[in-house]
Amino acid sequence: MKWLTLPSKPPSAAIQDESSPSHAIKRSSDGSHRTGTPGAANTLLALIMASRPGLLTEWPWQRLGNFKYVVLAPWALHGLYLLATQERKKWDLAYLLILPSLLLRMVHSQVWISISRFQNARSKHHRIVDKSLEFEQVDRERNWDDQIIFNGLLFYLAFMYIPSGRNLPLWRSDGALLIALLHMGPVEFLYYWFHRALHHHFLYTRYHSHHHASIVTEPITSVIHPFAEHIVYFLLFSIPTLTATLCGTASIISMIGYIAYIDFMNNLGHCNFEIIPKWLFTVFPPLKYLMYTPSFHSLHHTQFRVNYSLFMPFYDYVYGTVDKSSDLLYESALEGKEEQPDVVHLTHLTSFLSIYHLRVGFASLASKPYDPKTPIFSLWPLAWISIIFMWINDSFTVERNSFEKVKMQTWALPRFKFQYGLLSARDAINDLVEKAILEADNKGIKFLTLELLNQAQELNGSGELYLQKYPKLKLRIVDGSSLAAAIVVNSIPPETRKVILTGNQSKVAYRVTIALCQKGVEVTMRQKNDYYMIKSQLPENASSFLLLSNDCNAQVWLVGDGLEDIQQRRAPKGTLFIPFSWFPTKKVRKDCIYYTTPAMKIPKTFENMHSCENWLPRRVMSASRIAGIVHALEGWNSHECGDNMQDLDKMWAAALRHGFLPVN
């Protein structure tokens, strides 16, 4: 069993005393790192971090928020001015390439983020630290691009005040060799001892604990440091580049290449999955001392007083600070493990830009509820590229979670909301859903939940199509309609005696209507066909509570898709709009209350939840997704799709029993 050991001494004392037990994650015999106490170390480190912040902890432009990029505006505009006014032969490429190189660094880091999150969500994984990642870490690491802005400013200033840094040649081999040697010597040596100094209690509590608050590292964790630390790091990394510049041997490729090397190795060391093939060390054994692996540096984040080196472990071996389990952890992580999920949640994309709100997209966007009005228009070109790439793929894994003994994954279909409305696309989409179901069944997954339009009645009869085609399916298909209906019913204020049901109807709406009429709540409908169909299913003592009328005088409206703006404007002031649809209701009225789509808050022990599900708030999950989890926890062995539904009270009680709570 793996667990987290916290220091018996006060945090500062534990850090100060080299011989004291560190706040480290204990390892199992196979060298892997897992804990059963999510967030415990992060809580301790956050307390340490907040106890005594040092000077120059905050970035100078921190208060600017997303407007921080304006600090680069003068140089960016000047570069554009030179491009427009100067003759091509007078261009200084070194100066003009500063801004593009900064943008490429951001793209490079984002690629690493996406790859890391994708790899760590897969069933077959090479994960190093198998521990929960939470919203607190995502928020703390939101400013990962600050150091790129900082470097850009210093590059521009260096260009202005160092004449030998202008009009650099494209390539010089002697300059590249000088930069490599200076990095291997002074930079690695000085960084090693500076890093050890940062672990002294005085500097650790004021600065470096901010970085170590992230035990489960992501690529961008590598640059999450206080401003003061980045000043020192820039001085260190400028030793090779500044020396080459002053010696007149610098070149554009060697300068950009050295920065790219630093970024690559930083991201590699913090990606939390092992990627370096073993044959590299077999072919060239000394490489062990010249290049670290992700697992090597991961030990520094879990054991804290080992593996201090920058990128080359040489000095750890020289000074005896190598963790003895480094090789064992590397081999264990490289071998990988196959993790079998119990529940798969099958969703799809909504709008084009929703790509960036996936967990494998932009971490900062994924950690917030999806808002189609978010101003990210500059990403449209990349969105189209992603669309073309994704068109040729089947479902892909975007997230993994665990709760109690149930393991979950979220798979997404590379299709958008508008495509589900195209008759020409329905067969192709059904094929994708069918492939995902069969793949999950072959893997031995017990439950698969259909989210959003993957369970549309007009697409597959709420999943009934797949049961008819494959009656011997071992997995159980769940659409979450029972829990959705239960959430809607329990969201209505207890004193309510009358509701209006409007919008496109669904089986959730039918079940809600029947439940309310049986409770003596008057339900007013406008659609004749739906009215007569539901009326025929009601007992005599409840049928009188279902009315066909255009009356708008009710304080509670149950709404589905297709609700028009003009209908909302007819509602009385203060009306409560409760959607029974899977997509949110457009908010037309400011004097009314709008509830979210059927969803519930998840328990605090729900692990690895650090992204929002579509438009839902943090740590809130859709009814369909929760339904599959409840089915697995309860051990129910029945499908819930097509016309099959669970008893509402039974479903609601089961969800509450396992710690899921109402949102509203």
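Quick reminder: no glycine exception, Cβ is built from N, Cα and C everywhere.
TrEMBL does not curate its annotations; it predicts them automatically.
The domain 'Fatty acid hydroxylase' annotation in TrEMBL covers 182-321. Each residue of the domain 'Fatty acid hydroxylase' (182-321) gets a DSSP state, and the totals for helix, strand and coil are 97 helix, 1 strand, 42 coil.
For the domain 'Very-long-chain aldehyde decarbonylase CER1-like C-terminal' (499-662), the model gives a mean pLDDT of 94. Feature annotation from TrEMBL assigns domain 'Very-long-chain aldehyde decarbonylase CER1-like C-terminal' to 499-662.
Residues annotated as region 'Disordered' in TrEMBL: 1-36.
Feature annotation from TrEMBL assigns transmembrane segment to 148-164 (among others). With a threshold of 8 Å between CB atoms, the same-chain residues lying at least 6 positions outside the transmembrane segment (148-164) that come near it are 59, 61, 68-69, 71-72, 75, 94-95, 98-99, 102, 105-106, 227, 230, 234, 242, 245-246, 248, 250, 259.
Residues annotated as transmembrane segment in TrEMBL: 176-194 (among others).
Under the heading transmembrane segment, TrEMBL lists 231-261 (among others).
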